[in-house]
Amino acid sequence: MSPNPLQKPAIDAAPAPFADFAPPVRPQSTLRRAITAAYRRPETECLPPLVEAATQSKEIRDAAASTARKLIEALRGKHSGSGVEGLVQEYSLSSQEGVALMCLAERPVRIPDTATRDALIRDKIADGNWKSHLGRSRSLFVNAATWGLVVTGKLTSTVNDRTLAARVTRLISRCGEPVIRRGVDMAMRMMGEQFVTGETIEALKRSKELEEKGFSYSYDMLRERPTAADAERYYRDYESAIHATAKPRGRGIYEGPGISIKLSALHPRYRQAARVMGELLPRVKALALLAKNYDIGLNIDAEEADRLELSLDLLEVLCLDGDLSGWNGMGFVVQAYGKRCPFVLDFIIDLARRSGRRIMVRLVKGAYWDAEIKRAQLDGLADFPVFTRKIHTDVSYMPRTQAACRDRCGVPQFATHNAQTLAAIYHMAGKDFHVGKYEFQCLHGMGEPLYEEVVGRGKLDRPCRIYAPVGTHETLLAYLVRRLLENGANSSFVHRINDPKVSIDELIADPVEVVRAMPVVGAKHDRIALPAVLFGDARTNSAGFDLSNEETLASLTEALRESAAMKWTALPQFATGPAAGETRTVLNPGDHRDVVGSVTETRKRTHGAPCACRRRGAGLGGRLAERAACLDRAAELMQARMPTLLGLIIREAGKSALNAIAEVREAIDFLRYYAEQTRRTLGPATPLGPIVCISPWNFPLAIFTGQIAAALVAGNPVLAKPAEETPLIAAEGVRILREAGIPASALQLLPGDGRVGAALVAGRDAGVMFTGSTEVARLIQAQLADRLSPAGRPVPLIAETGGQNAMIVDSSALAGQVVGDVITSAFDSAGQRCSALRVLCLQEDVAGPHPDDAEGRAARHCISAAPIVFSVDVGPVITSEAKDNIEKHIERMRGLGRKVEQIGLASETGVGTFVPPTIIELEKLSDLQREVFGPVLHVIRYRRDDLDRLVDDVNATGYGLTFGLHTRLDETIAHVTSRIKAGNLYINRNIIGAVVGVQPFGGRGLSGTGPKAGGPLYLGRLVTTAPVPPQHSSVHTDPVLLDFAKWLDGKGARAEVEAARNAGSSSALGLDLELPGPVGERNLYTLHARGRILLVPATESGLYHQLAAALATGNSVAIDAASGLQASLKNLPQTVGLRVSWSKDWAADGPFAGALVEGDAERIRAVNKAIAALPGPLLLVQAASSGEIARNPDAYCLNWLVEEVSASINTAAAGGNASLMAIG
């Protein structure tokens, strides 16, 4: 037995695993427990009590309706949509122009180079029908913006030269790029000024006009996701803002201006409780003390749902701090769309009483609605933290109004642009009013027209504070897009109030009565799927854990500790029972003092034991439905035991808690997906026979389970060889599968090192499934090439290997989003994913002098440690050997003079195998000799004009697994994705975490043979005759095939003509499906031509069949010149001839994308060995005898001649999900 690199002498006694996994920040009170319990409560449970609590007397309802009607009539009467109201009315998100406007608003002034800026303008404007909007609004602002877009659209669109006007337009277009650029810039800045008060906090003079009318202000230095340096700078900005805001002293908290701060802008890791309380709390206290000194208000702004309770922890500490006593200026924003809203308000009022102060409570409808929906669906959580209907939020807004106005401990600040809500609050609060009792709030640039009817004598005489963003257009355009999204939605009040088709009666309807009249009070929106039913009736989505829930964390921590106390073992499991062997311990790679369990490895003399079992051991057997049911039962068992499995994965594989959860979920998804696919598509297919499954250590349960599940449900017996490093979780997976009904004869486990795998591959099995390195896959291919399956064909090999995965980022991309996606893609799982980002390609205009600065700053805040603590970001690499190989590469790069940036490692990492997140600047892509499997990101810069050359360089690596692109240019997306040769494409998002059935996973070239795991073709590779892929309107017959069939018909080759036509009707070339998935994404699955196919025919008829199969799938061919069949293809149609070449030297003429062989067993074996020896990608070889070709029209499976491509597009990248916002 080879030495185990994980085994080292014990140092000190290891601490008890998970003893400090997620200690509570503060003990939970009864009120805090109520908040936690309501986090994801079903809407049908939330709404009935809210409806009752919000129900008002008929007198108040009638008075509110009358006031709301007067407000709306006044608004509609004095103007028709001036400012932003008119803009969002004219350009709704249901129009192409509205979406283009949103995209334009976000990016142009941020783009540093004029070429990309001009390209964005052309991309977004040229196709819009801007002229149709001209003059439809009476607003000067709307028409000014429209005129600019009309002119720009004319200058950028394609023109017809036959008219004089077209020639003039073309002349202006050729000469006028600066004019176009300046016009769009002006239009976007004009829009920005509608929302942004000023560029600096000192620019407060714009506020004076409305202050004189009785308005007050709360200023917010809006900031994006920060690095540590950004957070420090933002803190200084907030300090300066407080000083500047307080200059006009003496007006007090309620009548003077205030400041809003965003906690996530002040700390780069505002989700990790321990760090936040230790590092952020002192900063916030310092700002609060400064605000207290000036006697102004300081509001803590809203965050995403998973940060709420952490924000409440900070608020509680601040309010109970003696240094801040006597100051009533602390404020907190509560979002009514959250199901916890009523309980948060109860907690804040109680906190005010306990601390002896008044706390300002800004009640808003909510700011992250679409993102919360998507997050819950992605994470497989029990329910949403927010309501799915906007009218439910309107109801949630009301119940605490009267109580809040009566309770002197709180100062309600009602932030709304809805006239009905405003009127209801006005009458519910009563006529007894004094300054400081309550106030209204609105957003700068949006609510002033409404509140001009509220503020001052002769109006409703209630105060309104304007929430006013401050900053440059460059920093605040994301905020602008968000406002356009929220208010451009057809369901928003701002949009509807300016729509003459919406009656005033509709606008003033009491939401409480509307909800009460619904068939089911609190029924969720029927167009928003709960996470569990994301895939409809086909299958249940796997469930995750909500790690922002204190109760969940507490129960998970207990389960992890119980898991650590279990005795984990792995034994060889044959059909006849467990086998003996040499036993060794398995150590935690993050802490070698922690003994996870023990494994008994398969002895050499028992390698042959499974062979006997193969002969008498059947597959899973039974009907398809029974086999699928076994997988479903296994999925349920795995789901129920997830906490226990997590503890084992974390300790054995060194995964973080989040990664371990994703691992188990993926395994469950594989089980359910293959069960569903079996029922739907497999039919009465014949299994291949015994399958050897060799799985990797980096996904020791998910890939292990996926391989086995697919092979078993197709009816094949399985010999499972887990990775040497992770046998324990594999053994537990086998126990679960057997408990679910898989017989021992159908599933055997053989733990051990590479020699066990080699012995299994050398056996007489019918197929091999392998995930691992390209080098090992080549060895397996060469070993299999020397023999044939019982049917006389090449032994099927499904290999999924590594990748030199790249991401291209152009200057139109949003830097903050890019940094987050890059860090996740490169360093999640310590870079030990085959999909991980290895090379970041930055356009030089955006990269600056040091392109890795932003990523480097962010990387410094990744915590590397043993992941038995929840806050760990980056765990260990798997073995000492892996660590040594990575460090050698880093040193080689240093030796070449490349710039290397690394974060330091904490001293406690010395007990494990850790490599710090590392960023290396390269001069060219060819500096990389091979894939570096660890937390190492390489960065190169490129010129915009060299984009095509860069894509060619990426393709030239020969790998083709994952690829990422960050750009706002649709034209660039279409161009790059059409040229890149990769199996999984990711647009404006990270490039990891493919979801089963949503982003089928697998590469091409050096990255694998296909078919894609978790995709519709996978099971077909495990039976003798694959089912025909789903037909779709996108599928088309290649016209070149039709030309070939016509040519064959002219030769009188009737059988071959029929074969060609049959191939055309069976081919799925061009298939383009949108797969089900979470909101905010489009997930496309397409089938393309595979490339150039090597044909090795023995007869003329065989050649015609091979060529027909290749052409039916859109491919070109290289025909073996040694076949001597050149005369058989004389006088081919030109279209066909362009696809055909002859090859005398396969090595020189390659690489090829596949091979079709004709011949007897001896010839097939000889050709197969020759192909296995070729350099380049792993080729999928299909072979058949001449007799079989004549008898069987499906002798060559067309599925293996097409290339599967999965593309995942973040449709919310521009700031939000337009389609989802429109339905709320």
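Cβ from N, Cα, C; glycine included.
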Seminar exercise, completed: Which range is region 'Disordered' per Swiss-Prot? Of 1-25, 551-575, 1176-1200, it is 1-25
For this session: Under 8 Å Cβ to Cβ from Glu800 (active site), same chain, six or more residues apart: give me those in sequence order, or none if nothing qualifies.
Result: Ile703, Phe770, Thr771, Cys834, Phe1001, Gly1002, Gly1003, Ser1007, Gly1008, Thr1009, Ala1013
Seminar exercise, completed: When pLDDT is averaged across the region 'Aldehyde dehydrogenase' (576-1032), the result is 91
Exercise. Within 10 Å of the Cβ of Cys834 (active site), how many other Cβ atoms can be counted across all chains shown?
Worked result: 27
Exercise. Which three-state DSSP class does Cys834 (active site) fall into?
Worked result: coil
